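Novice: Just dropping this structure here.
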Amino acid sequence: MYFFQTCSQHNAEAPNLEQAFHRMAQTEPNLDHDVSWFLLPSYWAKMVVALISFLCFANSYDGDFVFDDSEAIINNKDLRAETPLGDLWHHDFWGSKLSSNTSHKSYRPLTVLTFRINYLFAGGFYPVGFHVINIILHCTISVLMVDVFSILLGGLQFTNKGRRLNLAPKTSLLAALLFAVHPVHTECVAGIVGRADLLCALFFLLSFLGYCKAFRENKEGHNFSIFWVLVSVILGAVAMLCKEQGITILGLNAVFDALVINKLNVLELIQKLLHKDKSLENAGLLRKGLLFRITLLMSGGASILYIRWRIMGTGPPAFTEVDNPASFADSLFVRAINYNYYYSLNAWLLLCPWWLCFDWSMGCIPLIKSVSDWRIIALAALWFCLIGLICQALCSEDSHKRRILTLGLGFLIIPFLPASNLFFRVGFVIAERVIYLPSIGYCILFTYGFSLLSKQAKKKKILAVAVLGILLINVMRCALRSSQWRSEEQLFRSALSVCPLNAKVHYNVGKNLADKGNQSAAIKYYREAVRLNPKYVHAMNNLGNILKERNELQEAEELLSLAVQIQPDFAAAWMNLGIVQNSLRRFEEAEQSYWTAIKHRKKYPDCYYNLGRLYADLNRHIDALNAWRNATVLKPEHSLAWNNMIILLDNTGNLAQAEAVGREALELIPNDHSLMFSLANVLGKSQKYKESEALFLKAIKANPNAASYHGNLAVLYHRWGNLDLAKKHYEVSLKLDPTAPGTKENYNLLRRKLEQLQKKGGA
């Protein structure tokens, strides 16, 4: 009994569709036959999938830039118009040169290009446009899944006019809905950096559908289109330029060709190979151009990987032990057992996506070091299920079951291989985003299991209601998880209950609190991060910074010294240590720390700025000016360095040079009111009153509540002889800051002068 079924009013092709179903039934069972589910025309099925996938993630459209978005988007110079487009092809996902030792080697130029287009159309870093594109991409992918699942579950057959038939309309709709509403996809959709996975999945699916088109004119499997095979290879290359996993579609196309197009019996083929049977051609290996097509796919894949390797440069990316502790274990046994445990956790996230976390590293999952660890049960369960499925996929007498189970396992395992640590070390323990493509295999296996249960169940409606319940729960979980991805505060706090042992979670909560000015609460979380990971140098650095600002210099120095001892090339910690040492008046040590920071980071404008401040305190004026000039060369918009140069030159009587530097600075940063103020002071001393007045007024317009701006303008008017205006601005300054140094004395002098003038006038 079906929940909903349309009447047979599709179109003139309906008789052909019925004949196709009849032909299919003659060769293998129809998966839809015993399933109690909605039967919708293809157009309506896709509309339903699109609508539901949109509802799942719609509330993320106005979220902020969160977590990795800052590095991949806000701080990525490749998004800005001044960066040549050609640089995208030589930089990694984060904007670093691929040849750099610090590069993660994540080569995704097409994804970065879409970010750049987003940035240019929005006119800046406005996250709404970025989020909307992600939501649209997921909806599009979910709609394509209807066609993909109809092929994977129902087989590939065409009418005489070359129109592909959907032989599993109900189960393909169910599988597409399962994919569309899976909560594990939230990171890819609600996190803007997940664009890489979405674009990769889009071209991954287009490559698969393109490969299927190669057999549209196929008669009994003997003819195929080389053009569409090559298009499939090109689309696979495009998928890889969006994210590395994309290359795996070429292997999956080969598996699909062997199982569906050539109906290859893998077990029979293995047996023939083992027995050196000469009738391999009858097994399907050489029939129908399979070997030629696989050669094309393999050649294309090898060429793509070679070009990718040449662009990436030599050497894999460098990761640290906290990123992926199992990969640094000395024992092969410990590495193997933990990798398999990670696989079981990924499988569990697909089965029960309730405990989701933005980051699973840094102690979130303690290493298994002994077979007595109870978590070994998870490994046993995983391999028990996998071996059972593999045996059924290979040994079942039902060719339909063999095909679906093999395809399900193929789509589950093959796209996951780049993240498996088998071929190279990856920079994470678990990443929900890398399960986006493998979830296709999970949906196939789930749907097939549902069809088997439906076949056995007497009350099919109850089973269908249960599946509807799962879909509804997943929709609500997606909406809840999307809301958590809207801001860093919600995202980071949501992880505390999932991964309380993860030092990075506590670090990020602390950083978020510190950014909001809540230093006391931030200290608590930073201390917990350091307690959980005593080598967490970034937490030490940030904690040391806060303690420095609270004038707890002794502990700040201890933390920063430990950080640079653990990681000697940590330039930011060296600079902050120099600031603390400067505050403790240990000037020689501070100077040494600053130069060590610059040694490890050649282009470090903030460090040059702080070095200049040290030299200014030591009255080494030439050295100070040189340090600040270096800061402005490296970062032309470094307002503080420009300001300090103007003020130092002003204070030492070099008014002409101070004026020249001030004008140079304002050309580069024309809207900086602090620079206007500093230059106005210099011009006033040079008796260029009119120009000085204009700059003071412009600075006051930009920042009307700065008492010093009004006070210094009053001094200008006082010198200039505009006493009424001077009196007005002295009064405004004292109203804004009654304790402003010198202003009250100047005001009193002005009042006495005005009184004297009034007396003279009266006489």
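A Cβ is built for glycine as well, from the same backbone N, Cα and C atoms used for every other residue.
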Novice: To which of the residue ranges 250-269, 290-309, 330-349 does TrEMBL assign the term transmembrane segment?
Specialist: 290-309
Novice: Honestly, do the transmembrane segment (434-453) and the transmembrane segment (224-241) touch, with at least three Cβ pairs under 8 Å and pairs 6 or more apart in sequence?
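Specialist: Counting Cβ pairs under 8 Å (6 or more apart in sequence), the transmembrane segment (434-453) does not reach the transmembrane segment (224-241), since there are fewer than 3.
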Novice: Could you put numbers on the helix, strand and coil content of the domain 'DUF1736' (315-387), residue by residue per DSSP?
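Specialist: The domain 'DUF1736' (315-387) comes out at 36 helix, 0 strand, 37 coil.
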Novice: Using a cut-off of under 8 Å between C-beta atoms, tell me which stretch among 192-212, 224-241, 407-428 contacts the transmembrane segment (376-395) the most.
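Specialist: That would be 407-428.
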Novice: Taking helix as H, G and I and strand as E and B in DSSP, count the residues of the repeat 'TPR' (537-570) in helix, strand and coil.
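Specialist: Counting residues by DSSP class gives 27 helix, 0 strand, 7 coil.
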Novice: May I ask for the residues of the chain that lie six or more residues beyond the transmembrane segment (407-428) and have a Cβ under 8 Å from a Cβ within it?
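Specialist: Counting only partners 6 or more residues beyond its ends, the transmembrane segment (407-428) has Cβ contacts under 8 Å with 104, 152, 204, 244-245, 247-249, 251-252, 255-256, 259-260, 316-317, 319, 323-324, 326-327, 335, 339, 342-343, 346, 359-361, 386, 389-390, 393, 434-435, 437-438, 440-442, 444-445, 448.
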Novice: Averaged across the repeat 'TPR' (503-536), what pLDDT does the model get? Just tell me the whole number, please.
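Specialist: Across the residues of the repeat 'TPR' (503-536) the model's pLDDT averages 94 on the 0 to 100 scale.
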